[in-house]
Amino acid sequence: MTVTMKVMKKNNRKSWSLYIAMALLIPCLSYSKQLYATVYSGVPVWEEAAPVLFCASDANLTSTEQHNIWASQACVPTDPNPHEFPLGNVTDNFDIWKNYMVDQMHEDIISLWEQSLKPCEKMTFLCVQMNCVDLQTNKTGLLNETINEMRNCSFNVTTVLTDKKEQKQALFYVSDLSKVNDSNAVNGTTYMLTNCNSTIIKQACPKVSFEPIPIHYCAPTGYAIFKCNDTDFNGTGLCHNISVVTCTHGIKPTVSTQLILNGTLSREKIRIMGKNITESAKNIIVTLNTPINMTCIREGIAEVQDIYTGPMRWRSMTLKRSNNTSPRSRVAYCTYNKTVWENALQQTAIRYLNLVNQTENVTIIFSRTSGGDAEVSHLHFNCHGEFFYCNTSGMFNYTFINCTKSGCQEIKGSNETNKNGTIPCKLRQLVRSWMKGESRIYAPPIPGNLTCHSNITGMILQLDQPWNSTGENTLRPVGGDMKDIWRTKLYNYKVVQIKPFSVAPTKMSRPIINIHTPHREKRAVGLGMLFLGVLSAAGSTMGAAATALTVRTHSVLKGIVQQQDNLLRAIQAQQHLLRLSVWGIRQLRARLQALETLIQNQQRLNLWGCKGKLICYTSVKWNTSWSGRYNDDSIWDNLTWQQWDQHINNVSSIIYDEIQAAQDQQEKNVKALLELDEWASLWNWFDITKWLWYIKIAIIIVGALIGIRVIMIILNLVKNIRQGYQPLSLQIPVPHRQEAETPGRTGEEGGEGDRPKWTALPPGFLQQLYTDLRTIILWTYHLLSNLISGIRRLIDYLGLGLWILGQKTIEACRLCGAVMQYWLQELKNSATNLLDTIAVSVANWTDGIILGLQRIGQGFLHIPRRIRQGAERILV
């Protein structure tokens, strides 16, 4: 029993040794390296932005055309070598209905119209009663319908002399007149101009030329424009083929209603855009893939008369007839190819059915407008400065029966067999502005023939009722919201801001300066990554984008920088034309915004201690909650920088605050370290070059003490005098000679009697000064000697303490070494015993197996003998 207990005790001791060894090894094996936040500059990361865009155009500086004048003052010249960089493997969301570029273009075109068609006079409306009769004409046909809508009105106006009136005549459209309920009127022919009391009229004179030229919208420095190149893209949703440009393509700011003129064509299929194309009262924007030529003509000439109304005047068409004058100067017409137009409507219907996923046969009707203001119920556009109003009833008079996704079985339209279609138009002076909703009177039509060639590139439609998948559906032309036209031109653009940096976790950290251990670590190289430019590696993973800067990088960066530099040089070259107008201020804001963004980003990097570094390691420990479901390997191998930046967008401000706090602490540590470094220059105090400075300080101290002593003496004298004492005069010491011996003296003093002696210095100022100096010198000497003695004793104590500390440290190290040696020996013994036990067990098992095999073998070997013995027994 005693032997068994000893064996168990020995086994328990070995087990405890094994447990301790495992406890020491498990933390080492389970250790995972800490991740730290690292700032990367120049990574392909962006976010949507709304900066102030500026325009570029190829304006003719010598032209007097109003659009050229406006473009030369508001826009910079275009870049002769524009660059477009495709982004591989990059997808991004676009939304034309929330694109601020549309709003900015809308404001710009308003500014263009305000400047190009700027009125020269401002006057109140002709609020007078007029007697109007139908305009007599012998013409018949389509154009006569427009003439029949006009009235010949006569009215009285006030001349410069207020007490004198004069009768005038002018032509007005019926839609611009309101009948007056006057009992004295004959046959109810008294009229007045509509809204004459509520509208301020701006009259444009003289007539100006107005021909739109293409305008390019450009992003300022630090921003870029994404362009979607998907063929089936409709302005909303995810785009898979994206490229980066600095400026858009040339956009012609043509203003029109119902039809889109001179716009951007769809590349393959007809493009249909809308917030909800199956609802009624929602605009459906159609962009054709083939242009349809339309030519508008106004024939004839006319004279213009001035009608004075007091100190002002109003210009109108005269009724004087001559060989070359005609009241038909306000009548025009437009021609187009009916076959091409009919095919465009049919393809629009088929494309619409594909978008709404229609499976059954339906009937689609294109009908005339439902009415409204003349600008909405007609095709309204500007041609050579004249305002055209065209009736499009003939263009939208088609019915497509039994239509499917592939085609329509029957088409019902106009019965005319003529290949070219014609729509009547009229020119008007009284125009309701699409910009501010106010009415304006412009000068009468200019004389001569007017011809405008335009391309129909789209149309704006509305459903009468919500989409009916089993019955008829009617589409009508609408207009009025010019933003729909700008959307067809800007649907595939969006502006983004290039982020200067991003944050990601790495295993490298910034060396922390500790005031107790001021040793600086050498920064590790890490990934050694330099990026291929701002957006050239946008589609690559974070790890793949981290490659060395190559020649391709220089070319990409050089291209982007050169393009921005070209634009800025163009702005600088045109500064004399960019006046301090709205556009001049906008150009200045665009440049200042880019500069402010750059300064703000550089300031943030400076505060983080990352100035001039592409990769900036920090001492901020990465929180695993920031990464979410991603680990370190999946971040660098599976995500792009854009995806990663969107993932940490909600916590980026927290990370930035942590980096800022860590940098502040780092600066405090540096300050404390520098203060500690000052003690290292203690031995410089004994430098011979500083002795003169020490002597000067000593002289100043002694002089100050003497001065204080003199002041105290003077104050003491003043005090004594006030108390009634008289100060003694200064006495000069004189030698004292021995007096002659008097009779009766025995000369008991002895010695040399004839030697002179000095008596003690009588009390006075010099004696007091000498005493003070002697006292100060002795005090200084004793003070310095005591200080040196104290320092020596302190050094002795420090040395003794350091020696004792060293002895203790050595003893502790020896003890630790002995303990470690003991535990290592125990581990070695435990391992040896374990191996011995395993060997003995294996040997026992091996011996048992061998013995069993031997017995089995012997059994097989004894089989013949047993058979022989059995046979012998049987035979016996």
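Every residue, even glycine, has its Cβ placed from backbone N, Cα and C.
The annotation coiled coil is assigned in Swiss-Prot to 646-680 on the grounds of sequence analysis.
Following the DSSP three-state reduction, the secondary structure of Cys55 (disulfide bond) is strand. The disulfide bond annotation in Swiss-Prot covers Cys55-Cys75 (among others), and the record cites sequence analysis as its basis.
Residues annotated as disulfide bond in Swiss-Prot: Cys120-Cys205 (among others).
When secondary structure is read from DSSP and collapsed to three states, Cys127 (disulfide bond) falls in the coil class. Feature annotation from Swiss-Prot assigns disulfide bond to Cys127-Cys196 (among others).
What Swiss-Prot lists as disulfide bond is Cys132-Cys153 (among others). In the three-state DSSP scheme, Cys153 (disulfide bond) falls into the strand class. Counting only same-chain residues at least 6 apart in sequence, those with a Cβ under 8 Å from the Cβ of Cys153 (disulfide bond) are Met130, Asn131, Cys132, Gln169, Ala170, Leu171, Phe172, Leu177, Tyr191.
According to Swiss-Prot, the disulfide bond annotation covers Cys218-Cys247 (among others). Cys218 (disulfide bond) carries a strand DSSP state (E or B).
The disulfide bond annotation in Swiss-Prot covers Cys228-Cys239 (among others) and is backed by sequence analysis. Within its own chain, Cys239 (disulfide bond) has Thr91, Asp92, Asn93, Phe94, Cys228, Asn229, Asp230, Phe233, Asn492 as residues 6 or more apart in sequence whose C-beta sits under 8 angstroms from its own.
Cβ-based neighbour count (10 Å, all protein chains) for Cys296 (disulfide bond) stands at 23. Among the features that Swiss-Prot reports, disulfide bond is placed at Cys296-Cys334 (among others), with the record citing sequence analysis.
Classification of Cys452 (disulfide bond) by DSSP places it within a strand. The Cβ of Cys452 (disulfide bond) lies under 8 Å from the Cβ of Thr295, Cys296, Ile297, Cys383, His384, Phe388, each on the same chain and at least six residues away in sequence. Per Swiss-Prot, disulfide bond is recorded for Cys383-Cys452 (among others).
As annotated by Swiss-Prot, disulfide bond applies to Cys390-Cys425 (among others), with the evidence given as sequence analysis. The secondary structure of Cys390 (disulfide bond), as reduced to three states from DSSP, is extended strand. In the shown protein chains, 25 other C-beta atoms lie within 10 A of the C-beta of Cys390 (disulfide bond).
Following the DSSP three-state reduction, the secondary structure of Cys610 (disulfide bond) is coil. Positions annotated as disulfide bond by Swiss-Prot, on the basis of sequence analysis: Cys610-Cys616 (among others).
Sequence annotations record features per position, and here Swiss-Prot assigns region 'V2' to 153-196 based on sequence analysis.
According to Swiss-Prot, the region 'MPER' annotation covers 675-696, on the basis of sequence analysis.
Here Swiss-Prot flags 1-33 as signal peptide.
For the topological domain 'Extracellular' (34-697), the predicted model reports an average pLDDT of 75. The annotation topological domain 'Extracellular' is assigned in Swiss-Prot to 34-697 on the grounds of sequence analysis.
Look at Swiss-Prot and you will find 719-876 tagged as topological domain 'Cytoplasmic'.
If you compare Cα positions, Cys127 (disulfide bond) sits closest to Cys390 out of the disulfide-bonded residues Cys75, Cys247, Cys334, Cys390, Cys610.
It is 7 Å from the Cα atom of Cys425 (disulfide bond) to that of Cys334 (disulfide bond). Most Cβ neighbours within 10 Å among the disulfide-bonded residues Cys228, Cys425: this distinction goes to Cys425. Taking Cys390 (disulfide bond) as the reference point, the disulfide-bonded residues whose C-alpha atoms are within 10 Å of its C-alpha, out of Cys55, Cys75, Cys334, Cys610, are Cys334. In sequence order, the disulfide-bonded residues near Cys55 (disulfide bond) (Cα within 10 Å of its Cα) amount to none of Cys334, Cys610, Cys616. When other Cβ atoms within 10 Å of the Cβ of Cys218 (disulfide bond) are tallied across all protein chains shown, the result is 24.
Taking the Cβ of Cys334 (disulfide bond) as centre and 10 Å as the limit, one finds 24 other Cβ atoms among all the protein chains shown.
Using a 10 Å Cβ-Cβ cutoff, Cys127 (disulfide bond) registers 11 neighbours.
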